[in-house]
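Before any comments, here is the structure.
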Amino acid sequence: MPDTATVSSESEFSGHAHVAAPPPAGVDVRHDWSLSEVRALYELPLLDLVHKAQTVHRAVFVDNKVQLCSLLSIKTGGCPEDCSYCPQAARYKTGVKAEKLMAVPDVLDAASKARAAGATRFCMGAAWREVKDGPQFDSVLEMVRGVRALGMEACATLGMLSESQAKRLREAGLSAYNHNLDTSPEHYGDIISTRTYEDRLRTLNRVRDAGISVCCGGIIGMGESVDDRCNLLRTLANQEHHPESVPINALVAVEGTPLQEQQRVETVDMVRTIATARILMPQSMVRLSAGRQQMNEEAQLLCMMAGANSLFFGEKLLTTGNPEYTQDMALLEKAGIRPLEPRQEG
């Protein structure tokens with residue numbers, strides 16, 4: 001694959017609302033990475049790569065703290081899309097039943113419990129292709145206001161958004177919006193056909209233009225090549241503004257999905273991906289996301305050494321398992337790592 005391989009619509013992901021603070025001296029924040037440069041980093045001897053990532057991480061994030069994010073499925077199943085990894089797609093027989101949107105009080109009760117357990121960001125996910133105006137969206141806005149009233153950051157992942165919907169979410173107090181690219185532009189068509197890469201970039205641009213922080217990452221272990229992994233990270237890093245949060249997910253192969261036979265992601269691959277993300281996007285929160293239940297404590301700590309400073313926290317990530325609250329808090333205590341406080345926003 002030539003170094004000049006690029007996304008035709010990279011310029012569409014150029015929102016100007018979020019401007020990161022100037023980086024510390026000696027930290028290089030770039031937006032012009034070539035594929036060969038990214039791959040050279042990814043393929044460094046592992047200890048050299050982790051050392052380089054940790055050096056960058058320490059220059060930007062001086063405290064031994066991680067952001068704890070709780071994720072709740074507020075509308076489960078019945079999604080009309082065909083994402084090959086997703087058990088919530090209506091066309092796959094995965095045992096996930098379509099449910100109605102949760103009631104606002106139930107969501108806020110879950111948020112309150114997550115806060116009591118130590119989470120500072122509460123993310124609400126709905127299995128929709130796109131947001132539609134009406135009573136359900138009004139309920140989501142009420143959920144956002146309620147989460148913010150609890151003193152937590154509020155995040156949502158609801159599918160594609162219009163400009164006016166993004167603006168209304170911001171007015172309700174939404175802190176961040178998650179909309180992953182999932183994989184490289186080249187591999188994307190093998191995973192999803194019902195939404196284009198450009199659709200995703202366009203939604204991210206609308207989120208930024210509304211003044212909402214972007215949470216955007218991807219999934220490894222979906223049959224992609226090393227070049228695909230590197231080009232996903234390159235696509236994220238070469239945007240005009242790096243995402244505020246970059247979730248790195250390891251595929252959880254669910255029976256009934258087209259990717260059910262995929263092999264478990266090796267720890268070394270996860271560490272390399274996280275470390276490379278940290279070097280490319282020094283000021284972003286790099287989130288250790290799905291697949292953590294398959295990792296032992298040492299593997300998770302190695303990911304943190306490589307630059308992960310955010311965790312999805314709680315017993316379930318939408319429909320897949322995750323370590324229990326008590327396990328995570330015990331792990332952090334053993335490692336001398338403390339939870340990061342929620343950001344104070346205007």
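One-based numbering along the chain as shown.
Using the three backbone atoms N, Cα and C, a Cβ is placed for every residue, glycine included.
Annotated features, as they stand in Swiss-Prot:
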{"type": "COMPBIAS", "residues": "1-12", "note": "compositional bias 'Polar residues'"}
{"type": "REGION", "residues": "1-21", "note": "region 'Disordered'"}
{"type": "DOMAIN", "residues": "64-292", "note": "domain 'Radical SAM core'"}
{"type": "BINDING", "residues": "C79, C83, C86", "note": "[4Fe-4S] cluster binding site"}
{"type": "BINDING", "residues": "C123, C155, C215, R287", "note": "[2Fe-2S] cluster binding site"}
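In the structure shown, the C-beta of C215 has more C-beta neighbours within 10 angstroms than that of any other entry among the binding-site residues C155, C215. According to DSSP, C123 ([2Fe-2S] cluster binding site) is assigned to a strand segment.
Neighbours of the [2Fe-2S] cluster site: apart from C123, C155, C215, R287, residues of the same chain with C-beta atoms within 8 angstroms of the site's C-beta centroid are C69, L71, R121, T157, A176, N178, S245, P247, F312. If you take the Cα of C123 ([2Fe-2S] cluster binding site) and the Cα of C86 ([4Fe-4S] cluster binding site), they are about 18 angstrom apart, rounded to a whole number.
Within the same chain, the residues at least 6 positions away from C83 ([4Fe-4S] cluster binding site) whose Cβ sits under 8 Å from its Cβ are A89, D182, I191, I192, T194, listed in sequence order. Sequence-distant contacts of C79 ([4Fe-4S] cluster binding site), defined as residues of its own chain at least six apart whose C-beta falls under 8 angstroms from its C-beta, comprise C86, Q88, A89, A90, A127, W128, R129.
Of the chain residues outside the [4Fe-4S] cluster site list C79, C83, C86, E81, D82, Y85, P87, Q88, A89, A127 have their Cβ within 8 Å of the site's Cβ mean position. Across the domain 'Radical SAM core' (64-292), mean pLDDT in this model comes to 94. Sorting the binding-site residues C86, C123 by the number of other Cβ atoms within 10 Å puts C123 first. Less than 8 angstroms from the CB of R287 ([2Fe-2S] cluster binding site) sit Q67, C69, C215, G217, S245, V246, P247, I248, A308, S310, L311, F312, each of them six or more residues away in the same chain.
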